[in-house]
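Among the features that TrEMBL reports, ATP binding site is placed at Arg99, Lys139, 144-150, 178-181, Glu186, His209, 262-263. The feature domain 'ATP-grasp' is assigned by TrEMBL to 103-292.
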Amino acid sequence: MKTVGILGGGQLARMMALSAAPLGLRFLVLDTAADACAGQFAPMVVGDYTDEAALAEFASKIDVATFDFENVPAESAQWLATRVPVFPSPRALAVAQDRLAEKTLFRELGIPVPDFADIDSRAALDAAVVKLGTPCILKTRRLGYDGKGQFRIKSPADVDAAWDALGAQAGTVGLILEGFVVFQRELSVVAVRGQDGEFRAWPLTENWHVDGVLSASLAPARVDDAMNAVAMSHARKLAEALDYVGVFALELFCRDGVLLANELAPRVHNSGHWTIEGSETSQFQNHLRAVLGLPLGDTRMLGVACMLNWIGAMPDAAAVLGEASGHWHDYGKQPRAGRKVGHATLRADTAHELAEALMRVGAALDRHAQVAPVIARLRD
Ligand code: ATP
Ligand code: MG
Ligand code: MG
(Lines of atoms letter the chains of each structure in order from A and count residues from 1; the text may use other names and numbers.)
(Lines give C-alpha, C1' and ligand atoms only; values in the text may rest on other atoms or scores of the structure.)
(Ligands and ions follow the chains in the order given, each with its own letter.)
Protein backbone atom coordinates (compact mmCIF):
# COMPACT_ATOMS: atom_id res chain seq x y z
CA MET A 1 0.00 0.00 0.00
CA LYS A 2 1.51 3.33 -1.06
CA THR A 3 1.65 6.41 1.12
CA VAL A 4 1.13 9.79 -0.50
CA GLY A 5 2.65 12.74 1.33
CA ILE A 6 0.72 15.98 1.07
CA LEU A 7 2.38 19.31 1.89
CA GLY A 8 -0.39 21.35 3.44
CA GLY A 9 -3.36 19.99 5.36
CA GLY A 10 -6.30 22.15 4.30
CA GLN A 11 -9.54 21.16 2.62
CA LEU A 12 -7.79 20.21 -0.62
CA ALA A 13 -5.66 17.60 1.17
CA ARG A 14 -8.74 16.48 3.07
CA MET A 15 -10.74 15.94 -0.15
CA MET A 16 -7.78 14.17 -1.74
CA ALA A 17 -7.65 11.74 1.16
CA LEU A 18 -11.41 11.19 1.06
CA SER A 19 -11.54 10.64 -2.69
CA ALA A 20 -8.60 8.28 -2.99
CA ALA A 21 -9.23 5.98 -0.06
CA PRO A 22 -10.90 3.48 -2.45
CA LEU A 23 -7.63 3.28 -4.37
CA GLY A 24 -6.11 1.72 -1.26
CA LEU A 25 -3.81 4.63 -0.51
CA ARG A 26 -2.48 5.96 2.74
CA PHE A 27 -1.72 9.61 3.33
CA LEU A 28 0.62 11.61 5.48
CA VAL A 29 0.07 15.34 5.80
CA LEU A 30 2.72 17.92 6.68
CA ASP A 31 1.31 21.17 8.06
CA THR A 32 2.36 23.89 10.43
CA ALA A 33 -0.96 23.72 12.30
CA ALA A 34 -1.78 20.68 14.44
CA ASP A 35 -5.52 21.28 13.88
CA ALA A 36 -5.31 21.35 10.04
CA CYS A 37 -8.60 19.92 8.76
CA ALA A 38 -7.02 17.11 6.68
CA GLY A 39 -5.65 15.77 9.97
CA GLN A 40 -9.13 14.49 10.76
CA PHE A 41 -8.62 11.85 8.05
CA ALA A 42 -4.87 11.41 7.69
CA PRO A 43 -1.91 11.12 10.04
CA MET A 44 0.16 14.28 10.29
CA VAL A 45 3.65 15.54 10.80
CA VAL A 46 3.38 18.97 12.40
CA GLY A 47 6.21 21.30 11.50
CA ASP A 48 7.35 24.20 9.41
CA TYR A 49 7.87 23.58 5.68
CA THR A 50 11.47 24.74 6.05
CA ASP A 51 12.19 22.59 9.12
CA GLU A 52 14.64 19.91 7.95
CA ALA A 53 13.80 17.52 10.77
CA ALA A 54 10.08 17.66 9.95
CA LEU A 55 10.76 17.34 6.21
CA ALA A 56 13.12 14.39 6.81
CA GLU A 57 10.56 12.57 8.95
CA PHE A 58 7.88 13.27 6.32
CA ALA A 59 10.12 12.07 3.45
CA SER A 60 11.08 8.87 5.28
CA LYS A 61 7.45 7.75 5.55
CA ILE A 62 6.09 8.46 2.06
CA ASP A 63 6.42 7.03 -1.46
CA VAL A 64 5.53 10.21 -3.35
CA ALA A 65 4.81 13.83 -2.44
CA THR A 66 2.30 16.39 -3.68
CA PHE A 67 0.79 19.69 -2.57
CA ASP A 68 -2.38 21.09 -1.10
CA PHE A 69 -0.65 24.41 -0.52
CA GLU A 70 1.09 26.11 -3.46
CA ASN A 71 3.22 28.42 -1.32
CA VAL A 72 5.48 25.76 0.17
CA PRO A 73 9.01 27.20 -0.26
CA ALA A 74 10.42 26.01 -3.59
CA GLU A 75 13.69 25.06 -1.85
CA SER A 76 11.78 22.69 0.45
CA ALA A 77 10.13 21.08 -2.56
CA GLN A 78 13.53 20.73 -4.19
CA TRP A 79 15.06 19.22 -1.06
CA LEU A 80 12.21 16.73 -0.89
CA ALA A 81 12.66 15.85 -4.57
CA THR A 82 16.17 14.59 -3.83
CA ARG A 83 14.55 11.93 -1.62
CA VAL A 84 11.15 11.04 -3.13
CA PRO A 85 9.31 11.75 -6.39
CA VAL A 86 7.47 15.10 -6.15
CA PHE A 87 4.54 16.01 -8.44
CA PRO A 88 4.04 18.59 -9.79
CA SER A 89 7.78 19.21 -10.15
CA PRO A 90 9.48 21.85 -8.02
CA ARG A 91 10.15 23.77 -11.25
CA ALA A 92 6.45 23.94 -12.17
CA LEU A 93 5.68 24.94 -8.60
CA ALA A 94 8.31 27.69 -8.68
CA VAL A 95 6.83 29.23 -11.85
CA ALA A 96 3.28 29.13 -10.50
CA GLN A 97 4.39 30.68 -7.20
CA ASP A 98 5.60 33.85 -8.84
CA ARG A 99 3.09 36.01 -10.70
CA LEU A 100 5.88 37.63 -12.70
CA ALA A 101 7.46 34.32 -13.84
CA GLU A 102 4.00 32.91 -14.57
CA LYS A 103 2.85 35.84 -16.69
CA THR A 104 6.18 35.92 -18.51
CA LEU A 105 5.76 32.24 -19.41
CA PHE A 106 2.15 32.78 -20.55
CA ARG A 107 3.37 35.54 -22.84
CA GLU A 108 6.22 33.40 -24.24
CA LEU A 109 3.69 30.69 -25.05
CA GLY A 110 1.47 33.14 -26.91
CA ILE A 111 -1.21 33.11 -24.20
CA PRO A 112 -2.59 36.67 -23.86
CA VAL A 113 -2.27 38.27 -20.40
CA PRO A 114 -3.40 41.53 -18.80
CA ASP A 115 -0.79 44.33 -19.02
CA PHE A 116 1.70 43.97 -16.19
CA ALA A 117 4.89 45.51 -14.79
CA ASP A 118 7.49 44.38 -12.28
CA ILE A 119 7.52 46.81 -9.33
CA ASP A 120 10.71 47.04 -7.30
CA SER A 121 10.43 50.61 -5.99
CA ARG A 122 8.03 53.49 -5.46
CA ALA A 123 9.42 55.18 -8.57
CA ALA A 124 8.72 52.04 -10.62
CA LEU A 125 5.13 52.02 -9.29
CA ASP A 126 4.58 55.68 -10.20
CA ALA A 127 5.90 55.07 -13.72
CA ALA A 128 3.88 51.88 -14.19
CA VAL A 129 0.62 53.50 -13.02
CA VAL A 130 1.12 56.15 -15.71
CA LYS A 131 1.93 53.53 -18.34
CA LEU A 132 -0.85 51.04 -17.50
CA GLY A 133 -3.41 53.66 -16.45
CA THR A 134 -6.06 53.31 -13.77
CA PRO A 135 -7.79 51.29 -12.55
CA CYS A 136 -5.04 48.78 -11.91
CA ILE A 137 -4.12 46.25 -9.20
CA LEU A 138 -0.93 46.05 -7.19
CA LYS A 139 -0.26 42.45 -6.08
CA THR A 140 2.47 40.64 -4.22
CA ARG A 141 4.36 38.40 -6.64
CA ARG A 142 4.37 35.55 -4.15
CA LEU A 143 2.31 34.13 -1.29
CA GLY A 144 -1.06 35.67 -2.20
CA TYR A 145 -4.26 33.62 -2.15
CA ASP A 146 -7.99 34.35 -1.90
CA GLY A 147 -7.31 37.92 -3.01
CA LYS A 148 -4.91 38.60 -0.12
CA GLY A 149 -1.83 40.71 -0.83
CA GLN A 150 -3.64 42.86 -3.40
CA PHE A 151 -4.54 46.54 -3.55
CA ARG A 152 -6.90 48.01 -6.13
CA ILE A 153 -5.76 51.39 -7.41
CA LYS A 154 -8.89 53.10 -8.70
CA SER A 155 -7.24 56.45 -9.46
CA PRO A 156 -3.74 57.98 -9.16
CA ALA A 157 -4.82 59.31 -5.74
CA ASP A 158 -4.74 55.71 -4.42
CA VAL A 159 -1.04 55.15 -5.18
CA ASP A 160 0.11 56.37 -1.75
CA ALA A 161 -2.28 54.04 0.04
CA ALA A 162 -1.27 51.12 -2.20
CA TRP A 163 2.42 51.71 -1.44
CA ASP A 164 1.66 52.05 2.29
CA ALA A 165 -0.14 48.72 2.21
CA LEU A 166 2.30 46.68 0.11
CA GLY A 167 5.47 48.71 -0.51
CA ALA A 168 7.41 47.04 2.30
CA GLN A 169 7.08 43.76 0.40
CA ALA A 170 8.77 45.06 -2.77
CA GLY A 171 12.12 43.84 -1.50
CA THR A 172 10.88 40.53 -0.05
CA VAL A 173 8.15 38.69 -1.95
CA GLY A 174 8.18 41.24 -4.77
CA LEU A 175 5.34 43.20 -6.36
CA ILE A 176 3.62 43.29 -9.72
CA LEU A 177 1.20 45.85 -11.12
CA GLU A 178 -1.58 44.57 -13.39
CA GLY A 179 -4.01 46.46 -15.54
CA PHE A 180 -7.55 46.03 -14.23
CA VAL A 181 -9.44 43.86 -16.69
CA VAL A 182 -13.07 44.81 -17.13
CA PHE A 183 -14.10 41.29 -18.00
CA GLN A 184 -17.53 39.93 -18.83
CA ARG A 185 -16.71 36.51 -17.38
CA GLU A 186 -14.17 34.62 -15.38
CA LEU A 187 -13.46 31.09 -16.52
CA SER A 188 -11.15 28.30 -15.46
CA VAL A 189 -9.77 25.22 -17.11
CA VAL A 190 -9.22 22.43 -14.61
CA ALA A 191 -7.06 19.79 -16.26
CA VAL A 192 -4.80 16.87 -15.49
CA ARG A 193 -1.63 15.60 -17.13
CA GLY A 194 -0.22 12.15 -16.50
CA GLN A 195 3.40 11.06 -16.20
CA ASP A 196 3.20 9.75 -19.78
CA GLY A 197 1.99 13.13 -21.05
CA GLU A 198 -1.67 12.19 -21.39
CA PHE A 199 -3.79 15.33 -21.04
CA ARG A 200 -7.44 15.53 -20.02
CA ALA A 201 -9.53 18.53 -19.06
CA TRP A 202 -12.91 18.81 -17.38
CA PRO A 203 -15.53 20.95 -19.09
CA LEU A 204 -14.73 24.67 -18.85
CA THR A 205 -16.06 26.29 -15.65
CA GLU A 206 -17.40 29.82 -15.11
CA ASN A 207 -16.58 31.45 -11.78
CA TRP A 208 -17.89 34.36 -9.73
CA HIS A 209 -15.71 36.02 -7.07
CA VAL A 210 -16.72 38.36 -4.25
CA ASP A 211 -13.93 40.52 -2.79
CA GLY A 212 -11.35 38.35 -4.57
CA VAL A 213 -12.69 35.09 -3.12
CA LEU A 214 -14.47 32.45 -5.20
CA SER A 215 -18.20 32.47 -4.47
CA ALA A 216 -19.77 30.23 -7.13
CA SER A 217 -18.80 28.03 -10.08
CA LEU A 218 -20.92 26.72 -12.95
CA ALA A 219 -20.02 23.89 -15.32
CA PRO A 220 -20.07 23.58 -18.21
CA ALA A 221 -19.44 27.29 -18.85
CA ARG A 222 -21.87 28.54 -21.47
CA VAL A 223 -19.36 29.60 -24.14
CA ASP A 224 -19.13 28.74 -27.82
CA ASP A 225 -16.99 25.91 -29.16
CA ALA A 226 -14.33 28.24 -30.52
CA MET A 227 -13.69 29.90 -27.15
CA ASN A 228 -13.74 26.55 -25.45
CA ALA A 229 -11.11 25.27 -27.85
CA VAL A 230 -8.86 28.29 -27.24
CA ALA A 231 -9.09 27.83 -23.44
CA MET A 232 -8.24 24.14 -23.73
CA SER A 233 -5.35 24.82 -26.07
CA HIS A 234 -3.86 27.40 -23.65
CA ALA A 235 -4.07 24.90 -20.79
CA ARG A 236 -2.52 22.12 -22.79
CA LYS A 237 0.34 24.29 -24.04
CA LEU A 238 1.10 25.37 -20.50
CA ALA A 239 1.04 21.83 -19.11
CA GLU A 240 3.38 20.65 -21.85
CA ALA A 241 5.80 23.57 -21.42
CA LEU A 242 6.10 22.79 -17.70
CA ASP A 243 6.10 19.00 -18.20
CA TYR A 244 3.36 19.21 -15.61
CA VAL A 245 2.14 16.11 -13.74
CA GLY A 246 -1.11 16.25 -11.78
CA VAL A 247 -4.15 18.51 -11.72
CA PHE A 248 -3.89 22.26 -12.24
CA ALA A 249 -6.22 25.15 -12.95
CA LEU A 250 -5.72 27.96 -15.44
CA GLU A 251 -7.76 31.03 -14.44
CA LEU A 252 -8.91 33.17 -17.36
CA PHE A 253 -10.66 36.50 -17.83
CA CYS A 254 -12.94 36.78 -20.85
CA ARG A 255 -12.97 40.35 -22.15
CA ASP A 256 -14.74 41.14 -25.41
CA GLY A 257 -14.32 37.59 -26.65
CA VAL A 258 -10.60 37.40 -25.81
CA LEU A 259 -9.25 35.14 -23.08
CA LEU A 260 -6.54 36.64 -20.84
CA ALA A 261 -4.68 34.35 -18.45
CA ASN A 262 -4.80 35.45 -14.81
CA GLU A 263 -2.93 32.72 -12.98
CA LEU A 264 -1.98 29.07 -12.84
CA ALA A 265 -2.88 27.14 -9.69
CA PRO A 266 -0.47 24.18 -9.46
CA ARG A 267 -2.89 21.93 -7.60
CA VAL A 268 -6.48 20.80 -7.39
CA HIS A 269 -8.65 23.91 -7.45
CA ASN A 270 -11.74 25.29 -5.80
CA SER A 271 -13.40 25.77 -9.21
CA GLY A 272 -13.05 21.99 -9.73
CA HIS A 273 -14.87 20.90 -6.57
CA TRP A 274 -18.02 20.23 -8.58
CA THR A 275 -16.18 17.33 -10.26
CA ILE A 276 -16.64 15.22 -7.11
CA GLU A 277 -20.28 14.58 -7.89
CA GLY A 278 -20.57 16.14 -11.34
CA SER A 279 -18.07 14.15 -13.33
CA GLU A 280 -17.04 10.59 -14.01
CA THR A 281 -13.71 11.08 -12.22
CA SER A 282 -13.13 13.87 -9.71
CA GLN A 283 -10.16 16.22 -9.85
CA PHE A 284 -8.94 14.74 -6.54
CA GLN A 285 -8.97 11.16 -7.77
CA ASN A 286 -7.34 12.07 -11.09
CA HIS A 287 -4.66 14.11 -9.36
CA LEU A 288 -3.67 11.09 -7.29
CA ARG A 289 -3.82 8.80 -10.31
CA ALA A 290 -1.42 11.14 -12.13
CA VAL A 291 0.92 11.42 -9.15
CA LEU A 292 1.04 7.62 -8.84
CA GLY A 293 1.41 6.93 -12.56
CA LEU A 294 -1.99 5.20 -12.79
CA PRO A 295 -4.29 5.49 -15.83
CA LEU A 296 -6.30 8.74 -15.77
CA GLY A 297 -10.08 8.58 -15.42
CA ASP A 298 -12.63 10.07 -17.80
CA THR A 299 -13.39 13.75 -17.17
CA ARG A 300 -16.82 13.87 -18.81
CA MET A 301 -19.68 15.28 -16.82
CA LEU A 302 -23.35 14.46 -16.52
CA GLY A 303 -25.70 17.41 -17.02
CA VAL A 304 -24.83 20.70 -15.32
CA ALA A 305 -23.41 21.50 -11.91
CA CYS A 306 -23.04 24.50 -9.65
CA MET A 307 -20.77 24.80 -6.65
CA LEU A 308 -21.43 27.35 -3.90
CA ASN A 309 -18.65 28.21 -1.48
CA TRP A 310 -19.39 28.70 2.20
CA ILE A 311 -17.18 31.47 3.53
CA GLY A 312 -16.82 32.38 7.21
CA ALA A 313 -19.37 29.97 8.67
CA MET A 314 -21.43 26.97 7.53
CA PRO A 315 -25.09 27.59 6.72
CA ASP A 316 -27.77 25.05 7.58
CA ALA A 317 -27.41 21.91 5.45
CA ALA A 318 -31.08 20.94 5.18
CA ALA A 319 -32.01 22.96 2.08
CA VAL A 320 -29.15 21.53 0.02
CA LEU A 321 -29.57 17.99 1.35
CA GLY A 322 -33.27 18.21 0.50
CA GLU A 323 -32.44 18.60 -3.21
CA ALA A 324 -32.41 15.47 -5.36
CA SER A 325 -28.80 16.14 -6.40
CA GLY A 326 -27.63 18.32 -3.55
CA HIS A 327 -24.25 17.52 -1.99
CA TRP A 328 -22.76 18.94 1.17
CA HIS A 329 -19.13 19.38 2.16
CA ASP A 330 -18.22 20.62 5.63
CA TYR A 331 -14.45 20.90 5.97
CA GLY A 332 -14.56 20.64 9.76
CA LYS A 333 -12.85 24.01 10.18
CA GLN A 334 -13.38 26.62 12.86
CA PRO A 335 -15.54 29.49 11.58
CA ARG A 336 -13.57 32.66 10.84
CA ALA A 337 -14.34 35.72 8.70
CA GLY A 338 -13.21 35.20 5.09
CA ARG A 339 -12.27 31.56 5.63
CA LYS A 340 -13.46 28.83 3.24
CA VAL A 341 -15.24 26.41 5.57
CA GLY A 342 -17.23 24.26 3.15
CA HIS A 343 -19.14 24.10 -0.10
CA ALA A 344 -22.23 22.62 -1.71
CA THR A 345 -22.66 21.19 -5.17
CA LEU A 346 -26.01 21.05 -6.94
CA ARG A 347 -26.27 18.93 -10.05
CA ALA A 348 -29.12 18.63 -12.55
CA ASP A 349 -29.83 17.17 -15.95
CA THR A 350 -30.84 20.51 -17.46
CA ALA A 351 -30.02 24.20 -17.00
CA HIS A 352 -33.66 24.87 -16.16
CA GLU A 353 -33.70 22.31 -13.34
CA LEU A 354 -30.44 23.62 -11.93
CA ALA A 355 -31.76 27.20 -11.94
CA GLU A 356 -34.89 26.04 -10.08
CA ALA A 357 -32.80 24.21 -7.47
CA LEU A 358 -30.60 27.29 -7.00
CA MET A 359 -33.70 29.45 -6.53
CA ARG A 360 -34.94 27.15 -3.75
CA VAL A 361 -31.58 26.93 -2.01
CA GLY A 362 -30.89 30.67 -2.36
CA ALA A 363 -34.28 31.48 -0.81
CA ALA A 364 -33.99 28.94 2.02
CA LEU A 365 -30.51 30.15 2.98
CA ASP A 366 -31.17 33.83 2.25
CA ARG A 367 -28.33 33.89 -0.25
CA HIS A 368 -29.92 35.54 -3.25
CA ALA A 369 -26.82 37.54 -4.15
CA GLN A 370 -24.68 34.40 -4.30
CA VAL A 371 -27.01 32.40 -6.56
CA ALA A 372 -28.39 35.25 -8.71
CA PRO A 373 -25.53 35.55 -11.27
CA VAL A 374 -25.50 31.79 -11.80
CA ILE A 375 -29.26 31.67 -12.32
CA ALA A 376 -29.03 34.60 -14.74
CA ARG A 377 -26.38 32.76 -16.75
CA LEU A 378 -28.44 29.57 -16.82
CA ARG A 379 -31.37 31.56 -18.20
CA ASP A 380 -29.30 33.48 -20.80
P1 ATP B 1 -6.78 32.52 -5.70
O2 ATP B 1 -5.40 31.91 -5.78
O3 ATP B 1 -7.53 32.20 -4.45
O4 ATP B 1 -7.58 32.35 -6.96
P5 ATP B 1 -5.34 35.04 -5.66
O6 ATP B 1 -5.16 35.67 -4.34
O7 ATP B 1 -4.20 34.35 -6.30
O8 ATP B 1 -6.61 34.11 -5.60
P9 ATP B 1 -6.16 36.41 -8.11
O10 ATP B 1 -6.64 35.20 -8.76
O11 ATP B 1 -5.01 37.13 -8.71
O12 ATP B 1 -5.86 36.21 -6.55
O13 ATP B 1 -7.34 37.49 -7.93
C14 ATP B 1 -8.55 37.14 -7.28
C15 ATP B 1 -9.70 37.71 -8.06
O16 ATP B 1 -9.59 39.15 -8.15
C17 ATP B 1 -9.74 37.25 -9.50
O18 ATP B 1 -10.35 35.98 -9.63
C19 ATP B 1 -10.56 38.38 -10.13
O20 ATP B 1 -11.91 38.28 -9.80
C21 ATP B 1 -9.99 39.60 -9.44
N22 ATP B 1 -8.82 40.11 -10.19
C23 ATP B 1 -7.52 39.76 -9.99
N24 ATP B 1 -6.70 40.36 -10.88
C25 ATP B 1 -7.49 41.11 -11.68
C26 ATP B 1 -7.25 41.98 -12.79
N27 ATP B 1 -6.02 42.22 -13.25
N28 ATP B 1 -8.32 42.59 -13.37
C29 ATP B 1 -9.58 42.38 -12.88
N30 ATP B 1 -9.86 41.59 -11.84
C31 ATP B 1 -8.84 40.95 -11.24
MG1 MG C 1 -3.77 32.46 -6.72
MG1 MG D 1 -6.94 33.31 -8.59
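Placement of Cβ uses the backbone N, Cα and C atoms for every residue, glycine included.
Highest local Cβ density among the binding-site residues Arg99, Lys148 belongs to Arg99, counted as other Cβ atoms within 10 Å over all protein chains shown. With respect to ligand 1, the binding-site residues Arg99, Val181, Asn262 contribute Val181, Asn262 as residues with a C-beta closer than 6 angstroms to one of its atoms, given in sequence order.
Mean pLDDT across the domain 'ATP-grasp' (103-292) comes to 97 in this model. Counted within 10 Å of its Cβ, the other Cβ atoms near Val181 (ATP binding site) come to 18, all protein chains included. Neighbour list (Glu178 (ATP binding site), Cβ cut-off 8 Å, at least 6 residues apart, same chain): Pro114, Asp115, Phe116, Leu132, Cys136, Ile137, Lys139.
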